[in-house]
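Engineer: My questions will all concern the structure given below.
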Amino acid sequence: MGKSIVIVGAGVIGLDVALLLAERGYGSHITVIAEHLPGDTSINYTSPWAGANFSAISGNDANALRWDKLGYGHMMKLAEEHGVEACISKTPSFEYWDEMPSRTKIDSMSEYLKDFKILAKSDIPEGCQFGVSFTTITVNAPRYIQYLHRLLKEKYGVTFIREKLTSIESAFSHPSTKVVFNCTGNGARDLPGVQDSKCYPTRGQILLTRAPHIAKNVMRHGKDYETYIIPRPQSNGNIILGGFMQKGVGTGDTFSSESESILKRTTTLLPEILTGGAMEVLAAFSGLRPSREGGARVERTSIPLDGSGSGILVHNYGASGTGFQAGLGMANEAVGTVEDVLSSLPQAKSRL
Ligand SMILES: Cc1cc2nc3c(=O)[nH]c(=O)nc-3n(C[C@H](O)[C@H](O)[C@H](O)COP(=O)(O)OP(=O)(O)OC[C@H]3O[C@@H](n4cnc5c(N)ncnc54)[C@H](O)[C@@H]3O)c2cc1C
């Protein structure tokens, strides 16, 4: 079992790090340790609850914009080459804002989004200030992480261990471990050795509904709400309706009043989601985005270890509402901080 590289966490963030390393030939060196693995559901495991799509939901800071751009490039390539098995798809997208978004954000998006277009005022909903269309990526979140899990195990020889760590130091328990990636999402707030008080959950509630005739992604960004319609790839015609961005709220309960609000807002935004005037709602879910004041943390640090000097610890958590869209961009930079460690490991032939 390869323990030179340990990744703590098997959400999309940990799996993306494993994927980039495995594609470079390091799969047999990697062990992923996680309390929850793809296929599980828990309020302490965010990834299965995501919509998910690529959107303009992220912040305006340079890091978020760069990770989005990198992530978009990777996801587009994945959709083109393995879209069906990965359950991700290129999808036409329309995004509207109640208030004008920042120039920095628009300039950044316009540089790389495929088919990017600023919409005429007559083509955007009443009450909105601004709108764009482009080709986005939609993701069947629970099935995408299961695809990555399978791929990493079966094709690249990555080892997965189900275990809840009681401290980040314990990830270094094997003498051959050279680097640990901390991809613990909301766990980073309380995990001894990390205990990042800047972390907080941002709750969302979504509805899984059926509307096989909907083939476009639509979002409306409000001052204190997000309304979205995301077709779910490889789901036999399901769509995700959302949502909420509740800062600091940590319950996994779902509320009928919120489901009603979602239905009201999404059917107003895109009345054609209804079939014969009705909507078949299959389920309501809630999930907790792992948010962090100041944005996600992608950083190499060194950690003192009992009796054996120090260990290399790379933090990669706090993706909030962008783990699927920006995860591969974050992984790219997290991996980039340990090129010196990687160059000391024997590498299997690259499978890129
Ligand atoms: C309603 C909703 C809609 C969303 N929509 C989108 C979207 O459209 N697009 C998008 O990009 N993102 C979206 N997101 C955000 C996205 O889901 C998150 O950014 C992403 O899932 C975070 O992944 P993560 O790997 O950091 O965390 P998680 O998925 O929570 O994974 C954390 C991992 O760490 C493990 N762990 C934690 N502590 C320990 C420990 N002590 N020992 C061992 N293991 C531990 C857990 O078991 C788990 O395996 C949405 C989220 C929600 C809730």
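FYI, residue positions are counted from 1 along the chain as it appears here.
Quick reminder: no glycine exception, Cβ is built from N, Cα and C everywhere.
No curator has checked TrEMBL annotations; they are predicted automatically.
Among the features that TrEMBL reports, domain 'FAD dependent oxidoreductase' is placed at 5-333. Taken from TrEMBL, the feature FAD binding site applies to THR46, SER47, THR184. Positions annotated as D-dopa binding site by TrEMBL: HIS221, ARG289, GLY321. The D-serine binding site annotation in TrEMBL covers TYR228.
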Engineer: So which other residues, same chain and not among THR46, SER47, THR184, have a Cβ within 8 Å of the centroid of the Cβ atoms at the FAD site?
Structural biologist: GLY9, GLY11, VAL12, ILE13, HIS36, ASN44, TYR45, CYS183, GLY185, ASN186, GLY187, PRO290, GLY323
Engineer: Taking the binding-site residues THR184, HIS221, TYR228, ARG289, which residues show a Cβ-atom distance to ligand 1 below 6 Å?
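Structural biologist: Once distances to ligand 1 are taken from each Cβ, THR184, ARG289 fall under 6 Å.
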Engineer: What residues, ordered by sequence, lie under 8 A Cβ-to-Cβ from HIS221 (D-dopa binding site) and sit at least six positions away in the same chain?
Structural biologist: ALA56, ILE57, GLU95, TYR96, TRP97, ASP98, PRO101
Engineer: Whose Cβ lies within 8 Å of the mean position of the Cβ atoms of HIS221, ARG289, GLY321, the D-dopa site, other than those residues?
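Structural biologist: The surrounding set, listed in chain order, is SER55, ILE57, SER58, THR202, GLY204, GLU226, GLY243, MET245, SER320, THR322.
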Engineer: In which DSSP state, out of helix, strand and coil, do we find GLY321 (D-dopa binding site)?
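Structural biologist: It is helical.
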Engineer: Taking only the residues in the domain 'FAD dependent oxidoreductase' (5-333), give me the average pLDDT of this model.
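Structural biologist: The predicted confidence over the domain 'FAD dependent oxidoreductase' (5-333), as a mean pLDDT, is 96.
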Engineer: Closest of the binding-site residues to THR46 (FAD binding site), Cα to Cα, picking from TYR228, ARG289, GLY321?
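Structural biologist: Spatially nearest to THR46 (FAD binding site) by Cα position is ARG289.
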Engineer: Once the DSSP letters are reduced so that anything not helix or strand counts as coil, what is THR46 (FAD binding site)?
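Structural biologist: For THR46 (FAD binding site) - judged by DSSP and reduced to three states - the answer is coil.
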Engineer: Spatially, and counting Cα to Cα, which of the binding-site residues is closest to GLY321 (D-dopa binding site)? Options: SER47, THR184, TYR228.
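Structural biologist: Of all the candidates listed, SER47 is nearest in space.
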Engineer: May I ask which residues of the same chain, at least 6 positions away in sequence, place their Cβ under 8 angstroms from the Cβ of THR184 (FAD binding site)?
Structural biologist: VAL8, GLY9, LEU191, VAL194, TYR317
Engineer: Around TYR228 (D-serine binding site), which residues of its chain at least 6 apart sit with Cβ under 8 Å of its Cβ?
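Structural biologist: Non-local contacts for TYR228 (D-serine binding site): GLY51, ASN53, SER55, ASN217, VAL218, MET219, ARG220, ILE240, LEU241, GLY242, GLY243, THR266.
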Engineer: How far apart, in Å, are the two Cα atoms that lie farthest from each other among THR46, SER47, THR184, the residues recorded as binding FAD?
Structural biologist: 11
Engineer: Please report how many Å separate the Cα atom of SER47 (FAD binding site) from that of ARG289 (D-dopa binding site), as a whole number.
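Structural biologist: Distance between the two Cα atoms comes out at 9 Å.
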Engineer: Within 10 angstroms of the C-beta of ARG289 (D-dopa binding site), what count of other C-beta atoms is obtained when all protein chains are considered?
Structural biologist: 24
